[in-house]
Amino acid sequence: MNRETYLISIITLILIGCGLISIYSTTAIFAEQSMGDPFFFFRRQLLWVVVGSLALFAAMRIKYDLLRKINKPLLVLGVFLLVLVLFPQFGREAGGARRWLLLGGFSFQPVEIVKLFLIVYLARYLADKQKCLGKLHGFLPPVLVIMLVGGLVIFQPNLGTALLLVMVSFIMLFVGGVKISYLVGTAISFIPVLYFLVFDIAFRRRRILAFLDPWSDPSGVGYQIIQSLLALGSGGLWGVGLGRSQQKLFFLPASHTDFIFSIIGEEIGLIGTGAIMVLFILFIWIGIKIAWSAPDLFGYLLSIGITMIIGLQAAINIGVATGSLPTMGISLPFISFGGSSLVTTMAGVGLLLNVSRSSTSAQNQKLKIKTC
Amino acid sequence: MITKWHRFRTIIVLSFVVSVFTGLLYQLYQIQIIRASVLYDKAQRQHNSKVALSPGRGTISDRRGKLLALNVSVDSIYAHPWQIECVAETSAKLSPLLGIPPDEIRRMLRSNQPFVWLARGMDSGKGEKVRELNLKGVGYLKEAKRFYPHRELASHILGFVNIDEVGLEGGEFYYDRYLRGESGWHYLTVDGRGREIIPFFAENLSPSRGHHLILTIDVVVQHIVERELNATIQRYGARAGSIIVIDPFSGEILAMANYPFFDPNQFHAYQPQKRRNRAITDLFEPGSTFKVFTAAAALEEGAYNPNDKIFVEHGFYQFGSHIISDVNPRGWLTFSEVVEVSSNIGAAKIARTLGRETLYRYIRLFGFGSLTGVDFPGEIRGILRSSLKWSEICMGTISFGQGIGVTSVQLAAATSAIANGGVLIRPRLAISVVDDEGYPIKKFSSSSKRIISAGTADQLTNIMVDVVERGTARRAAVSGYQVAGKTGTAQKFIDGRFSDTHFTLLFIGYLPAERPEVAIVVVIDEPQYDRRSGVVAAELFQRVAEQTMSYLRVTGKMNAGK
């Protein structure tokens with residue numbers, strides 16, 4: 001086991017541990033009151049950690065070449081699930097959005113698994129089509145795939161995740177070597193669409209307005225952002241003490257999912273939030289180091305994609321919690337409560353470890369090549 | 001193949017991500033360090049609320065320790081609306097028990113407040129019955145409720161409190177800061193749904209009980225006064241009336257009663273005018289009682305001796321442009337007899353001799369036209385125009401009590417000044433404030449000021465004794481005592497002229513004349529029978545004085561309660 005494998009495992013373990021503690025802290029009182037069991041959410045998340053660990057090991061062990069080969073079937077499966085979830089017969093609606101598929105008593109969000117499938121597809125495509133990326137016929141297919149997936153996700157509606165997917169995809173296209181003029185042109189042509197999507201839909205426009213001036217309507221649109229800021233601010237440098245958050249007591253909505261970072265900030269202060277941010281920065285750093293020593297371009301781009309989707313998702317979540325970005329409904333990887341996200345993120349870590357492991361064996365091959 | 005271009009572009013992406021994270025860390029620094037205290041305060045404000053804990057109001061008792069106002073335990077029913085499972089059922093069950101229509105209970109239960117009172121001050125035991133209904137979200141608290149055991153007795157002096165035991169009127173209002181004590185606070189930590197949660201540090205500020213007020217009032221004297229006042233009012237069909245019984249040496253008011261009465265336990269049921277302490281807040285013309293003060297000025301100035309002769313013009317006297325008349329026309333009278341037979345002409349002639357400035361100065365010295373400083377809210381000054389504005393006739397009529405407005409308490413203070421040998425003393429309703437163990441927190445005393453010499457006061461007493469023994473106030477005589485007194489009848493000034501049908505009947509007096517124990521002021525407003533007879537007020541004085549003296553003799557005079 002090389003150093004990167006070791007470090008990334010440690011970081012993953014610490015973050016998941018933080019997540020479990022925070023989930024227990026934020027949900028215990030609510031769970032006690034409504035289910036009579038303070039460990040209800042903790043236990044469920046623990047179960048997902050076990051499932052996630054299996055996914056991690058599976059992703060780590062899967063043959064690199066096999067992954068390459070099945071990238072298209074995976075993408076098709078992903079698109080199929082995204083279509084399926086839109087149908088009321090299959091998709092479960094919650095909070096005005098159809099994001100969950102029911103599967104044998106458990107519900108999961110297909111978009112989470114699609115994140116990985118799209119990254120694998122893009123990594124494979126970009127690695128294989130290096131020569132024609134400078135031309136339109138080489139550039140268009142992945143863009144169309146991204147638009148299809150993004151469009152389906154927006155349809156749920158889940159604009160935040162769609163934006164995350166598009167951003168990570170563009171980073172992969174950029175790193176993969178697509179002409180910058182193509183990327184800029186595409187980005188510019190997307191601006192009107194984005195404008196329409198944001199400002200023509202009432203609840204998103206409210207979110208933007210709340211983001212711009214939350215204090216104008218503290219009990220209405222600004223409520224969640226303000227409660228998040230109050231939580232973070234109450235924590236100060238050292239926090240009010242683990243378990244002692246008051247904002248989690250029904251003041252801050254989604255305190256165990258999208259806004260868990262704010263409760264961490266309240267309970268263990270800037271020390272805690274800073275530490276978590278440092279862990280994510282380290283994660284990105286090591287992820288890119290893994291890419292650096294990847295055996296081939298597919299592994300390189302795969303590592304970049306996975307690192308970026310986890311890193312950017314964390315950045316967006318923290319950006320929302322600190323009021324730097326409008327509310328988007330994006331969870332904090334490893335930490336927020338939620339099975340689909342955790343399992344997929346852990347599977348992503350597994351793929352990263354897979355690349356990292358392969359690099360060790362590839363180094364030997366490189367030596368061989370040099371001698372030829 | 002991984003080329004240097006891939007790595008170069010990766011570095012661009014990495015620097016982008018690192019700068020994003022740096023920006024976020026800066027944001028966190030701003031929120032958690034720079035703005036932390038502001039945000040913390042805001043958060044605390046929404047987490048914490050507080051509920052006042054009633055401190056238990058101090059009692060009010062009379063000079064002998066009889067309780068006039070105390071607290072009784074009552075049950076107050078409350079609800080946590082968010083806990084109610086079935087509003088309709090809950091209100092239906094509570095309605096008959098609380099005596100509130102179900103609709104109203106339903107409305108209260110639908111409130112979005114975390115806590116609502118359904119009924120406060122219910123009889124003790126009601127709460128237990130409510131609890132037996134076993135309704136979720138409904139409970140009761142033991143509260144203290146003000147109770148006035150003697151009901152109407154001394155009600156105007158005591159005043160009353162609101163549901164939160166805050167003094168609104170009377171002594172309850174004036175001495176509220178001693179009686180109310182320090183409110184305690186129960187600090188609540190609430191969650192986002194407004195429900196109370198057990199805080200980590202329960203900080204409660206215990207209430208400290210209020211102090212007790214001891215009044216100068218003597219319940220027995222007060223009772224005598226109220227009974228006799230009521231009897232006279234009923235007998236003569238009067239509109240209103242007041243009596244003050246005061247210790248002329250200490251200024252302590254032994255009794256102060258007003259008709260109409262009210263019950264402070266149900267003060268809401270009475271119109272505000274019935275709750276007024278008329279003896280302090282209402283003015284009237286003092287009529288002939290005022291001749292005593294005109295005489296005081298003349299004697300103190302040395303302008304007359306009691307035996308000096310004054311010609312009273314056989315009943316008609318041209319005074320400036322007006323005619324002053326006497327009811328009983330006479331020729332020559334001595335100075336004393338002017339007061340004894342209550343001659344208006346004599347009084348006007350005395351005033352003319354004195355001059356308006358001197359008369360005005362003495363009127364002010366006796367405290368008319370200014371506040372007596374009695375410890376009660378809402379005292380008025382009465383009406384006394386400056387002597388510069390007096391016309392000739394005005395000076396003449398003021399000498400016998402027309403054209404001036406005074407209060408009962410002003411008359412009581414001025415009468416006391418003659419009774420006690422010439423010292424004006426501040427009338428007072430409170431003796432002291434004591435704590436739970438009876439240890440005095442504050443003792444009250446009255447300021448005093450000499451206004452006429454003891455010799456002048458003695459001469460006035462002799463004249464007033466003659467008034468009762470030989471003059472117009474023979475009905476005020478009390479067997480076994482020498483009584484000093486003076487009657488008065490004032491025409492009420494109604495619709496711009498002095499009425500021939502509406503009168504105020506007055507009596508001022510004190511006894512025993514040689515060493516007075518009590519001074520008494522009686523005011524009867526608008527009697528329907530015997531409308532202008534000084535006898536009505538004199539008789540009332542007599543009954544009050546006689547019973548008060550026999551009571552004070554039995555109980556060892558004024559020493560009790562000191």
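Glycine is no exception: its Cβ is also placed from the backbone N, Cα and C atoms.
Just so you know, TrEMBL annotations never went through curation; they're auto-generated.
Annotated transmembrane segment per TrEMBL: A:7-25, A:45-62, A:74-90, A:102-123, A:144-174, A:180-199, A:220-239, A:259-285, A:297-318, A:330-353, in sequence order.
Counting Cβ pairs closer than 8 Å to the transmembrane segment (A:144-174), the top stretch among A:74-90, A:180-199, A:220-239, A:297-318 is A:297-318. In terms of C-beta pairs under 8 Å, the stretch of A:45-62, A:74-90, A:102-123, A:180-199, A:297-318 lying closest in packing to the transmembrane segment (A:259-285) is A:297-318.
With pairs at least 6 apart in sequence, the transmembrane segment (A:180-199) and the transmembrane segment (A:45-62) have fewer than 3 Cβ pairs within the 8 Å limit; the two do not touch. When each of A:74-90, A:220-239, A:297-318 is scored by its Cβ pairs under 8 Å to the transmembrane segment (A:330-353), the top-ranked stretch turns out to be A:297-318. A Cβ distance under 8 Å defines the sequence-distant neighbours of the transmembrane segment (A:7-25), meaning residues of its chain 6+ beyond its ends; these are 38-39, 41-42, 45-46, 49, 52, 242-243, 245, 248, 256, 260, 263-264, 267, 276, 279-280, 282-283, 286-287, 290, 332-337, 342, 346, 349, 352-353, 356. When each of the listed stretches A:74-90, A:102-123, A:180-199, A:220-239 is scored by C-beta pairs under 8 angstroms to the transmembrane segment (A:297-318), A:102-123 comes out highest. When Cβ-Cβ distances below 8 Å are used as the criterion, the transmembrane segment (A:102-123) is approached by residues 67, 71-72, 74-75, 77-79, 81-82, 84-85, 90, 92, 142, 145-146, 149, 153, 156, 158, 161, 164-165, 168-169, 172-173, 176, 298-299, 301-302, 305-306, 309, 338-341, 343-344, 347-348, 351 of the same chain, each at least six residues removed from its ends.
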